[in-house]
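Engineer: Below is a structure I'd like to ask you about.
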Amino acid sequence: MAVFFTVALMTMACPLLAFDMGQSTRCVAIPHKMHVCKDVGYSEMRLPNFLGHSSLESEVVPHSEDWRPLLQTGCHPQAQAFLCSLIAPVCLDTFIQPCRSLCVAVRESCAPVLACQGHSWPDVLDCDRFPAEEDMCLSHHGKPGIFSKGLPKSACQNCPYVEEAPESKTILDSFCSHDFAVTAKLHRLRLPTGEPEFEIEGRVEFIRQGPLLPYDTQHLLQQWLLINVRCARALVRPGRSQLYVLTGSVQHDGTLSLTRVFPWHRKDANIAVAFRKWKHHRC
């Protein structure tokens with residue numbers, strides 16, 4: 001996933017600047033295999049699109065896949081709408097571009113995710129190039145969903161400290177000094193480029209729940225793996241699974257920060273001892 005945006009940058013270097021609103025366009029059905037813009041809310045798109053792509057098979061569909069890893073991080077609820085308005089613009093009597101406010105909102109949320117992958121927000125998506133709100137354009141819905149408001153969220157961070165064969169006291173100290181502690185089995189998949197590389201196997205078990213919510217924690221950790229893919233790759237080899245004890249905190253801005261990670265191997269008795277002591281004594 002670390003290289004996906006390099007491809008996107010190369011394919012998007014100049015087309016938006018050169019796109020001529022007066023050129024002849026045609027309407028075509030959005031292909032079923034174009035997963036990025038599946039269920040976007042309309043079924044037909046314009047060609048050429050706003051990135052200058054005129055061929056579905058050789059340009060639009062393959063280049064749209066470059067954006068899938070970013071969208072899978074959930075960096076902004078309207079990121080799909082923003083990107084698909086450029087990749088697969090809706091086929092109406094007039095050209096509908098994303099509004100400048102939508103671009104700014106998506107950039108503020110998604111640029112840090114790109115930075116986590118070692119990439120900057122591309123110049124071709126300079127928000128000043130898009131129309132102001134008073135023009136006809138795809139607008140930004142500023143209010144958060146009622147189910148996401150106030151929930152902890154994943155963000156880019158420095159990789160947590162991984163400690164092999166820790167002493168039971170070290171583990172107990174970590175339980176006490178952090179907001180939460182959970183056990184989770186991380187699995188690294190062998191899949192084609194564009195697919196999620198990691199998943200949480202089974203249930204996430206709470207040791208110390210803190211501010212985490214039972215129905216949200218597995219998804220929260222999954223998003224952390226997708227955003228902090230460099231850290232995740234250091235934890236698990238391809239095709240393997242590993243059980244971990246994860247401890248960390250939720251920052252004042254609501255972002256999750258994993259601080260210490262303890263691999264739990266079958267022969268590791270110290271973690272089991274720490275569990276028993278925690279149940280009886282806590283902090």
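Using N, Cα and C of the backbone, Cβ positions are placed for all residues, glycine too.
Taken from TrEMBL, the feature signal peptide covers 1-18. Per TrEMBL, the feature domain 'FZ' maps to 22-140. Taken from TrEMBL, the feature disulfide bond covers C103-C127. The domain 'NTR' annotation in TrEMBL covers 159-283.
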Engineer: Please list residues from the chain of C127 (disulfide bond) whose Cβ is under 8 angstroms from its Cβ, counting only those at least six apart in sequence.
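Structural biologist: In sequence order, the residues whose Cβ lies under 8 Å from that of C127 (disulfide bond) (at least 6 apart) are R100, C103, V104, R107.
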Engineer: For the domain 'NTR' (159-283), what's the mean pLDDT in this predicted model?
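Structural biologist: When the pLDDT values over the domain 'NTR' (159-283) are averaged, the result is 91.
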Engineer: Can you count the other CB atoms that lie within 10 A of the CB of C103 (disulfide bond)?
Structural biologist: 25
